[in-house]
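Colleague: Take a look at this one; I'll ask things after.
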Amino acid sequence: MTALAYAPFDLPDTDHVAVSATALTRTYGDGGSAVHALRGVSIEVPKGQFTAVMGPSGSGKSTLMHLLAGLDTPDAGAVHIAGEDITRMSDRDLTRLRRKHIGFVFQSFNLLPTLSAEENITLPLAIAGRKPEQDAVDRLLDRMGLAERRDHKPAQLSGGQQQRVAVARALICSPTVLFADEPTGNLDSAAGADVLDLLRTAVDEDGQTTVMVTHDARAAASADRVLFLADGRVVADLQGPTEDAILDAMREAARA
Amino acid sequence: MIRVTWKGLVARPIRTALTTLAIVVGVAFVCAAYTLTDTMSGAADTLTHAAYDGTDAVVVTKTTFKGSQTSDIRAQAPTIPASTLERVRGARGVTTAVGDITDTAQVIGAEGKPVGTGPYFGVGFDARTPGAERLTPFRLDTGRWATGPGEVVIDRATAEDQDYAVGDRIKVAARGEAQTFTLTGIANFAGVKSLGKASAAVFDLEAARTLFAKDGYDRILVAGRRADIAGAAGAGTEVRTAAEDDRFSFDSLETLVNILRTILLAFAAVAVLVGSFTIFNSLSITVAQRTKEFGLLRMVGATRRQVRAAVLLEALTVGLLASVLGIGVGLGLAEGLNALFTAVGAELPTDSMTLATRTIVISLAVGTLATVLAAMIPARRATRIAPVAALRAATHAATPGLFARGVRALASLVGRPSAAVGGAAGALARRNAMRNPGRTAVTALALTIGVALVTAVTVVATGLENESRGALDRRVQATNVVTAADGWSPIDPKVATAIGGTSSSIRQDGALVFGSQEGVNGVDPATIGRFYRYDFTAGGIAADGAIVDEGFAKEHQLRVGSLLSLTAMSGNTLELTVSGIERSPVLDVLGLGPITISHQAFDATFEQVRNRLTFTDHDATDALAAFPNVQSQTKAEFIDGQTAWIGMILAILWVLLALAVIVSLFGIVNTLVLSTFERMRELGTLRALGFSRRQVRRMVRHESVITALIGATLGIAVGLVLALVVVQLLGEYGLAFTFPAGSLIAVAVIAALAGMIAATLPARRASKIDVLKALAYE
């Protein structure tokens, strides 16, 4: 187990780092009711690493992911994705960035109900005005175990199947980084394990950089590294975690 | 429950505002229809009083019937002899009595054309008799009255329009050629400067008798006690009030006001109907969205009745609010329309707008009732929500009915272009339009009403126009037709002589036939056949017979050889045998009426010696230089001129369509805003996946256009079916179904544009959502 670790304030090494955060602070509201969600967080996510972010409610883990993904703007500090500072980007540039560099998997799947499984998967390509390569789509459907379900609407799919569609949708563009926000939160353990397997496989086989927010120790155990947040600070950074090590760290973090 | 209703309204300000606006337009038209026409009627009354109040009695030659002021065919009344005037002057109680002539005369402007569009009053006024001024509506503004031949007074608006000043030499066309007069004075009419595009030329009475070729006077105007007049005037005369006599045709002004009221109320009806659809739609969605809330109310003990009351109360509040706003907007609309009429020259002396109690009551009733009625079905749906609905997460959409499925298929079809040109945004828009076909249908239906109406009337009117033009083309064989500049006023017979060559004229008067007033045409049996073809079903033309049209013959069981008796206004009667029966056109475009007789018989019986139409075989424009109030048209120009009014009706209908489109826009905006709200998380997802703001806007816009096109397509379909039915019913008159492709494309384009406009606000709202909040939205 590693002690409290603060990442150095170096500029990110763009050859090896997919995402980096430098001294991020984010406060909601002001005056007496101000909530300090992040109080100076610096992290680096190397390319091809599967990072889990854990922490109790209100620890700032969701805020961190939103800032890393360019969905929110920090009060101070910077976020770099593929070497580019995204904190000063216009909405237009951020939109382009999302199309090319970012994939999302949400807790509540967020599939478009009017589109079939296959259409949902190729939606990011359609949005970017690109034609899907049918081979790539077929391979992805196979890998997700969705080949039989490609023409089904989300309402006709189980939760696990819906989340697998969502994972495929996030992978279709081979993004620089895939963000997963509690991807197993709405699933039973078997379906959750399937989804984690898929994420793990993408990391192992394609070197897909992945950042996953979760409060489930078992889910976090499939990551290469676990960052613990508490009160808006990184309180632990665990490499090659086991479920037990994670549970220990969680207890420690809760005491801190 | 009142608090629940109130909170519901306040919590959704945009929807409440849009729902309210949808009904405001209708109520505004109701209010404007009554207010504007009440004000105009009031003005017409004021004018009538000012014009006629100084005249206590009018003496005319007794006629067998009173010529109708409003019908197309105006019968010419006989004159009253000068000797009668002397007797009336001698009667006890008569203060002043003067002869009067009120005919038509056009003031000729600088370009050699008549000023204004009529009516063109040509008046003979006896200024030399003391006290005569109280018997005329004209009030001298500058100069003096005309007192001899070659002198004229004109109205102030005409003088100002043409920069004519006292002492100028101006041309006026009475009968025959235009003549030059010295302008001796300028007068106001009944205290107002102008009568819109009307003009007036006031001559000396005796000079007018010569000008208009009258044996006597048109009437005798009397100031004094009325009792003794009838006896003094003697047999064969009739004493009337000036208002009954109505020589300046204020009655026809009243008719115009009534037509205007009818048109505006028709607009109001369409707007209210379309508005009701919008309200029905909006409340249906509200009820569906508040399923949980209503379930909760039921769970804590609210009865079905209370739930219904909550919805109806919401409708009542919106309805009342909309009605009150509508009355305000209606007053503004009335002012605006009045300003518009003034701008186009149809000015009336209006004071301030007359908002009658009746108008307020009707406006409130229409707005409130329409809203509450539209709320009935949604209210009933709300009562069906079970208490357990409060516990269920989300309601599943009901299986769509047959109609909704049809609309979904239509959405899929008309959404195809969107999907093709709009990229991912267009494809998603098409799916969105298909996902809730019931809602899409009701939103689109508001537009359907207006489109159906315009489609049906366009088809029928185009059919009528084609048929009328075809009928004129077949019947009129002349190369040129000479008419008055306005197309229908009678023209002096000297014109026929002046144009030379061969020609043939139709003159027209009114007669009492089988107890009702009908138009009678006089033609020359020897020459008319060369220029105008009668479409005989039996018999033919004869010098001493009558031609009647088929419908008239059927109505009165006439056959060739039947006896026909005509009574002129003067009392002259004419007995004729029917010599021919002609096929009736579907529309009597020329306004000829059902009976045609020879000039010989006509001239011996009727007062009217002027022609309505003169057909000829050459362009008579040069020969008509001396007659500026007469025009020579080619056959094609003549046909265009005579059928132009059909285009006017269509123009009014397109305005009606525009109105219906505007009202249905509120419904589309409403639905789009709601959909945006419901699909908040989808929007957030799309944005997170790389959807740009522009793509979000495009998606909303395409959905709006698809909805509008569904409305237009349904409307065109319904309209074509309606038109087909009408055409079938009128088919025996030769009305044919025409497919107005150009108009239908125009309708579709207008609908699509309307959809784009409607999408502006919802699209902007949708594109500005906070992605984080949208993703967290449940």
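Just so it is clear, glycine is given a Cβ too, placed from its N, Cα and C backbone atoms.
Pulled from TrEMBL, these are the listed features:
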- B:16-223: domain 'MacB-like periplasmic core' (DOMAIN)
- B:263-288: transmembrane segment (TRANSMEM)
- B:266-387: domain 'ABC3 transporter permease C-terminal' (DOMAIN)
- B:309-333: transmembrane segment (TRANSMEM)
- B:353-377: transmembrane segment (TRANSMEM)
- B:440-464: transmembrane segment (TRANSMEM)
- B:440-585: domain 'MacB-like periplasmic core' (DOMAIN)
- B:644-677: transmembrane segment (TRANSMEM)
- B:655-770: domain 'ABC3 transporter permease C-terminal' (DOMAIN)
- B:704-727: transmembrane segment (TRANSMEM)
- B:733-759: transmembrane segment (TRANSMEM)
Colleague: Relative to the domain 'MacB-like periplasmic core' (B:16-223), which of B:266-387, B:440-585, B:655-770 accounts for the most Cβ pairs at distances under 8 Å?
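Modeller: Of the candidates B:266-387, B:440-585, B:655-770, B:266-387 scores highest.
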Colleague: Ranking B:309-333, B:353-377, B:440-464, B:644-677, B:733-759 by Cβ pairs under 8 Å to the transmembrane segment (B:263-288), which is first?
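Modeller: Answer, by Cβ pair count: B:644-677.
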Colleague: With pairs fewer than 6 apart in sequence excluded, do the transmembrane segment (B:353-377) and the transmembrane segment (B:704-727) have three or more C-beta pairs that lie under 8 Å?
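Modeller: No, the transmembrane segment (B:704-727) does not contact the transmembrane segment (B:353-377).
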Colleague: Using a cut-off of under 8 Å between C-beta atoms, tell me which stretch among B:309-333, B:353-377, B:440-464, B:644-677 contacts the transmembrane segment (B:733-759) the most.
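Modeller: Top-ranked stretch among B:309-333, B:353-377, B:440-464, B:644-677: B:440-464.
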Colleague: Other than its close neighbours in sequence, what residues sit by the transmembrane segment (B:440-464), given a CB gap under 8 Å and a spacing of at least six beyond its ends?
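Modeller: For the transmembrane segment (B:440-464), the far contacts come to 270, 273-274, 277-278, 280-281, 284, 403-404, 407-408, 411, 433-434, 586-587, 646, 649-650, 653-654, 656-657, 659-661, 663-664, 667-668, 670-671, 707-708, 710-712, 714-716, 718-720, 722-724, 726-727, 735-740, 743-744, 747, 751, 754.
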Colleague: Looking only at the domain 'ABC3 transporter permease C-terminal' (B:655-770), how are its residues distributed among DSSP helix, strand and coil?
Modeller: 100 helix, 0 strand, 16 coil
Colleague: Within the domain 'MacB-like periplasmic core' (B:440-585), count helix residues (DSSP H, G, I), strand residues (E, B) and coil residues, in that order.
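Modeller: The breakdown for the domain 'MacB-like periplasmic core' (B:440-585) reads 52 helix, 51 strand, 43 coil.
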Colleague: Where DSSP helix means H, G or I and strand means E or B, what are the helix, strand and coil counts for the domain 'ABC3 transporter permease C-terminal' (B:266-387)?
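Modeller: Taking the domain 'ABC3 transporter permease C-terminal' (B:266-387) as a whole: 101 helix, 0 strand, 21 coil.
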